[in-house]
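S.K.: Pulled the feature table from TrEMBL, pasting it below:
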- B:41-344: domain 'Aminotransferase class V' (DOMAIN)
- B:LYS197: N6-(pyridoxal phosphate)lysine (MOD_RES)
- B:ARG357: substrate binding site (BINDING)
There are 2 protein chains.
Amino acid sequence: MSYTDLNTSLRTIMTPGPVEVDPRVLRAMSTPIIGQFDPEFLTIMNDTMDLSRYAFQTTNQRAFPINGTSRAGIEAVLCSIIEPGDKVLIPIFGRFGYLLTEIAGRCGADVHTMEKEWGEVFDPEEIQAEIKKVNPKIVTVVHGETSTGRLQPLKELGNFCRENDVLFVVDAVATLGGVEVKTDDWNIDAVIAGTQKCIGSPSGMAPITYNDRVEKILLERKKIERGLSSDSVNERSIQSNYLDLSQIQDYWTSDRLNHHTEATSMLYALRESLRLIKEEGLETRIERHKFHEGALVAGLQAMGVELFGTAEHKMPVVTIIKVPEGVDEASVRSTMIQQFGVEIAGAFGPLQGKVWRIGSMGYSCRKNNILRVIGALEATLIYHGVKVNRGDALQAALEFYVDK
Amino acid sequence: MSYTDLNTSLRTIMTPGPVEVDPRVLRAMSTPIIGQFDPEFLTIMNDTMDLSRYAFQTTNQRAFPINGTSRAGIEAVLCSIIEPGDKVLIPIFGRFGYLLTEIAGRCGADVHTMEKEWGEVFDPEEIQAEIKKVNPKIVTVVHGETSTGRLQPLKELGNFCRENDVLFVVDAVATLGGVEVKTDDWNIDAVIAGTQKCIGSPSGMAPITYNDRVEKILLERKKIERGLSSDSVNERSIQSNYLDLSQIQDYWTSDRLNHHTEATSMLYALRESLRLIKEEGLETRIERHKFHEGALVAGLQAMGVELFGTAEHKMPVVTIIKVPEGVDEASVRSTMIQQFGVEIAGAFGPLQGKVWRIGSMGYSCRKNNILRVIGALEATLIYHGVKVNRGDALQAALEFYVDK
């Protein structure tokens, strides 16, 4: 068997991740390797921490990436702070809320859940009432649920948790870098982001940040590993070695106490992505995501397809449309990618087969791509026998762009 | 604060990892992203599995990378097969043996260890006697200990474990792709490799393989996560979600049951690295590593520095030399990297400050680099007041190369 040179097609990726990556970020990854103890590497690590703080809108000392995909970041935070029997309250409004229960449960947490129908979010007061009832050590919630396209308001909840001395952990994997996430202002104790969505880096790293309230627990649970110290014992030590934040945070200091070998090229990519965020400006970037959402929604409405869910809590970076009656959703996606080279996403759980999810995140969130996905979708729907308002969608989007 | 364009120096990296990366691999990483459910991505995943089997010398169905650094691969294997109370025997002959105890202990194993002084390896019969005494479920051992530069013979041990129905798990992070590792012939049940050493990819992925004996345990412990299935319950479920092989192996099939979002660019890199191994041929590649070791050792001996340990169990890809009396080892390394742009490594634990470790792995294992590290080391030692046989080292290495 022979293996050809890597010959991938050039795609227009309009899913909720992974999305297209800025050519500057791709180029950064082709930079030759330097060693993990090279003095120049410390500068790259420090830059990445500074730039992460900017993206997280925090003054936390701790802001660095976990070497793994987004759920590695979530597990690192949860397994480092949850001890067996700890009460954890998880409000669920889509697939990734269940993931939080899965991870917390495997850490030995006493998991309490509350659920909303897919498509809705929680009124902060509902969660506050449950906190009073359950009295959890930790509340953890998804900010932007890509499975339903909904955005959970966090500010009031953060204030309430802080006042009641509850740790507040937020999965901002799908929002950070494209939607407002104010770590400090909203009193969030730990935030997990994802690289392959609004940050616009490839999948494989998970930037996180956490404050002194979290660090206090880490220091209490710290156990230096054998091989570096022979006499460190801690009965409360963290159940994972790879995802042990008490060790990883020491690697991210000038001591650089060896834990793993930092993923060099991925760090190059993340630094460049964060630098792009800084150059664009976080506010401008968040506005850009809202702006292109406007064009996409205008186009889809003019086409005559039905949007899923109400506008009030819609994620600006995910737009979900209902699959028209009698249409096979998978074959529409197949036509779009095979004929037009445009990728949109299907769905999970109760929405599987019923909706398509269109992402407009990071570098993929730009005028060309919005117009391409609208055009490809219209032609594909017509090809699959769906009745739409022919030609209206792109005109509506163009008018939106020309007007603004 | 402003953040400059990524301007790293071009280094000659002669450490035991991370090492230099072939320009073809660097280039592969700058390939634009495709989605994880793109039909073309399945081909890339399948190619990577095929090529991994070749590198591991196995016919195992399961051979794929974990999205994390090497220790993520080790933890994925150990935490997926170890259940609380399981007896695990770990022969330790350097730092990374301790890491195995650390990971196994956090999985709840009843850890039994046996230790050798740093610089030695075990006679297989010693381990076999301990297996008879302890009667463990699992024996796990490091193949090449970069902390001491020693190589543990595995073949007899593998046979003995198989005959006695003990699972045999090998950390081949530092050897696979540069030193013989015969997964099937040596009856190894699970092997973990590292990308940033002899495989010659950047750090951040850990290729693993395991056989049906391991998979049987995974299937018994399998629990589909909530969000994908609401009714899956398993009291023996694996303690990590991110490193749960029973879920990850389902992602690496044509079903691609979503677990994480595969690290696209790192997978491009790994595929290209493995393709380079296939093109060079594994035997030729292993011979290349031995060949350049010959030149390096000839040079160092002619220089008059003292090698650490005996030749019999020396790793061909790591050469350790003693720091001469009265020399500050860190300032020698600093001069080498700052003045010559050549990086070698210090040491851990009992060897810290006493030896330098020179790697000759993957793309870094080539004539130019061997001559550069010898030349830079000689000049630096002279600069630091060490008496060496001036000029002899490079002549010895050149003669070695010209003769062969």
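Including glycine, each Cβ sits where the backbone N, Cα and C put it.
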S.K.: At a 10 Å cut-off from the C-beta of B:ARG357 (substrate binding site), count the other C-beta atoms across all protein chains.
M.R.: 22
S.K.: Just the number: how many Å between the Cα atoms of B:ARG357 (substrate binding site) and B:LYS197 (N6-(pyridoxal phosphate)lysine)?
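M.R.: B:LYS197 (N6-(pyridoxal phosphate)lysine) has its Cα 14 Å from the Cα of B:ARG357 (substrate binding site).
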S.K.: Take the Cβ of the residue listed as 'N6-(pyridoxal phosphate)lysine' and count every other Cβ within 10 Å, whichever protein chain it belongs to.
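M.R.: For the residue listed as 'N6-(pyridoxal phosphate)lysine', the 10 Å Cβ neighbour count is 32.
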S.K.: Taking all residues of the domain 'Aminotransferase class V' (B:41-344) together, what is their mean pLDDT?
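M.R.: Result for the domain 'Aminotransferase class V' (B:41-344): average pLDDT 97.
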S.K.: Hey, does DSSP put B:LYS197 (N6-(pyridoxal phosphate)lysine) in a helix, a strand, or just coil?
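M.R.: For B:LYS197 (N6-(pyridoxal phosphate)lysine) - judged by DSSP and reduced to three states - the answer is coil.
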S.K.: Using DSSP and collapsing to three states, where does B:ARG357 (substrate binding site) fall: helix, strand or coil?
M.R.: strand
